[in-house]
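These come from TrEMBL:
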- 522, 525, 562, 565: Zn(2+) 1 binding site (BINDING)
- 531, 534, 549, 552: Zn(2+) 2 binding site (BINDING)
- 290-459: domain 'Helicase ATP-binding' (DOMAIN)
- 535-714: domain 'Helicase C-terminal' (DOMAIN)
Ligand code: ADP
Ligand code: ZN
Ligand code: ZN
């Protein structure tokens with residue numbers, strides 16, 4: 001009797017036992033995948049966690065369908081790491097399994113596949129089975145994996161589907177709506193007729209246009225210098241020529257044009273920048289980091305914006321890969337990878353890989369396998385939080401840039417992990433070092449550094465010794481009173497914008513929209529239109545003339561009269577980025593103004609496109625939300641305006657002051673990055689507010705000390721750990737009763753501060769009512785024991801018949 005223990009990609013608290021033959025038993029290793037039947041008729045991809053000879057007691061073990069791998073695709077480190085995540089973040093191992101793997105690795109019978117739109121395959125390269133599937137998809141737009149099973153009259157079809165995915169013939173449903181469309185860059189090269197010297201000389205003689213000749217000479221020069229593809233943009237810039245001249249040469253068959261995907265270009269490229277020289281301050285910091293790592297596994301690099309942290313990381317990475325170790329570079333935002341990839345590939349060439357949830361399954365599988373094989377092609381992996389789950393086996397260093405960013409915490413679905421904290425655990429398993437970098441560290445991290453748990457290194461000099469921007473405060477109360485305002489713009493801000501524009505410089509305007517969306521209000525009765533399924537006011541979108549719910553997407557046309565009293569006197573209240581954009585267009589009608597927020601960056605790569613055209617100076621003024629605050633590097637921005645600082649400050653959240661400081665400091669850091677000192681104008685009703693003053697004087701430590709004091713008094717991190725339970729149900733009374741039961745039982749059993757059950761500000765989303773309960777765990781109380789008790793209580797809650805349908809989720813270290 002031979003058995004294996006299998007994790008399924010389902011949110012279930014247990015592993016499952018399957019029986020295998022002796023031959024299979026000898027072949028299977030921990031970390032391989034198997035296709036297994038589950039429930040009445042479903043097939044899932046499971047992961048082998050253990051092999052043993054003990055039959056299950058509660059059910060009869062089913063046989064597996066098939067072994068899917070020839071060798072493990074998950075290693076022991078990962079399994080241990082997953083187990084830690086499941087236990088620390090109070091979720092199931094299956095949740096972590098599902099969250100950790102590219103979905104092409106976990107096919108199931110219900111998975112829907114379709115044919116790729118622009119696939120490129122020779123039909124004769126397909127096996128008979130593959131061809132049958134291919135053909136079936138000529139007649140139907142999509143198929144379930146289990147339909148394929150019927151077509152082929154086979155049970156074991158995951159490997160065939162997998163092969164077709166790898167051949168780029170099929171795609172999974174999740175990819176279908178939104179296929180990966182990388183940006184294409186236009187390049188030119190000399191036509192092959194002109195590769196010999198004689199032909200070149202006669203070509204130059206034959207050209208009579210001076211412009212064309214000059215362009216060609218510039219091309220030769222570039223080609224000799226760089227030995228890498230030459231883009232049309234690069235050539236026109238250097239030759240100060242136009243695309244018309246290039247086109248003339250293409251038409252004459254002297255140049256050929258071709259296209260390369262932007263993020264692939266970098267991989268094909270040779271290193272271009274081998275001689276990175278650190279400034280004195282950077283070099284000193286670099287040495288201090290290495291010293292710190294002698295005694296500490298985790299260190300914080302606290303460096304002002306534009307101190308060149310990336311360059312310091314680069315030098316550090318060099319040392320780790322020279323020892324053959326792997327390096328993981330985590331970023332808070334996928335959109336930031338493009339910039340970083342070009343910077344790092346310039347230095348490390350094709351040792352850099354990127355792991356992206358926006359990449360196709362294929363590409364993700366490719367990177368996964370490279371990391372698994374410890375390949376030279378993926379010595380350095382850049383990615384957002386999910387790249388933490390790649391099969392590293394020889395990690396030397398994890399860099400977490402902008403470590404304070406809340407996007408490192410996964411909110412939904414489980415596992416609700418914090419990538420920074422999970423990275424520290426992973427590094428510990430592999431004896432690797434962790435470097436956390438930020439100009440505005442989180443209170444938690446700075447606390448750990450102060451208490452000696454983490455090492456700390458500071459750099460307060462900007463690269464090129466550029467001074468920090470000058471901050472000017474504009475008192476909105478006074479300016480409204482003195483009528484020095486046009487719409488939401490103070491005359492001070494308008495003047496500064498005008499001046500910057502006249503110098504050809506660019507401007508960033510920041511408007512935090514959180515809790516401050518424009519709504520329509522009836523001036524007669526005060527009614528504000530609400531969403532029908534969420535308790536939230538509808539947001540007014542002027543451009544589409546619509547009211548929209550930001551939680552569920554419900555929308556209606558802008559009403560002409562009030563739904564409550566029929567009055568026609570309704571007007572917009574509050575302002576968002578859209579309104580700022582409109583006001584700007586009136587103030588500066590000839591300038592190119594663009595907006596960057598969730599609405600304008602919904603499409604794939606729309607964020608990158610905006611950033612690119614801003615970098616290329618095609619945009620004069622960029623208006624945006626907090627997206628702008630995330631470590632972007634622009635060299636021509638001389639002015640940053642913060643439209644209204646107060647909305648951030650008064651957000652109902654214990655981190656509001658910390659975040660306001662971080663956000664304002666980070667956006668300010670985008671100003672004046674080249675030789676010129678930048679300027680920041682903050683419009684606020686509270687010029688004397690401590691946080692505003694701390695931002696003005698770049699006083700991180702002042703902010704930290706003040707917040708730390710408050711956190712202690714009000715029982716928040718880092719002094720207390722928070723676990724938030726969220727309960728949801730369609731029936732308001734049932735939810736109220738159930739959450740009260742849970743609260744009371746927790747009160748009795750925990751001897752800890754338990755708060756709630758609270759109705760959040762938005763207490764109904766998609767027709768489900770919401771209540772939350774918060775547990776605060778002080779430093780001297782065991783966290784694992786507390787979680788065990790909470791889990792026990794949740795288990796008993798789950799078996800109470802009338803509460804069984806209430807959904808409860810736990811969010812540990814909730815952000
Ligand atoms: P930070 O991440 O600390 O805000 P960056 O790493 O983005 O700063 O650096 C700011 C700018 O200064 C970038 O354009 C970068 O290329 C440049 N820079 C920093 N250090 C160096 C260096 N040692 N040599 C050349 N350029 C540098
Ligand atoms: Zn009304
Ligand atoms: Zn809604």
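Using the three backbone atoms N, Cα and C, a Cβ is placed for every residue, glycine included.
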Cβ neighbour count (10 Å, all chains) around residue 565 (Zn(2+) 1 binding site) is 12
Here the binding-site residues are 531, 549, 552, and the Cα closest to that of residue 525 (Zn(2+) 1 binding site) is found at 531
The answer, for which of the binding-site residues 525, 531, 552 has its Cβ ringed by the most other Cβ atoms inside 10 Å, is 531
Of 525, 531, 549, 552, the binding-site residues whose C-beta sits under 6 angstroms from any atom of ligand 2 are 525
Spacing of the two Cα atoms, residue 565 (Zn(2+) 1 binding site) and residue 549 (Zn(2+) 2 binding site), in whole angstrom, works out to 22
Among the binding-site residues 525, 531, 534, 549, the ones with a Cβ under 6 Å from any atom of ligand 3 are 531, 534, 549
If you measure between the CA atoms of residue 552 (Zn(2+) 2 binding site) and residue 562 (Zn(2+) 1 binding site) and round to the nearest Å, you get 22
As a whole number of Å, the Cα atom of residue 531 (Zn(2+) 2 binding site) is distant from the Cα atom of residue 522 (Zn(2+) 1 binding site) by 16
Cβ contacts within 10 Å for residue 522 (Zn(2+) 1 binding site), all chains included, total 21
Mapped onto three states, the DSSP assignment of residue 522 (Zn(2+) 1 binding site) reads strand
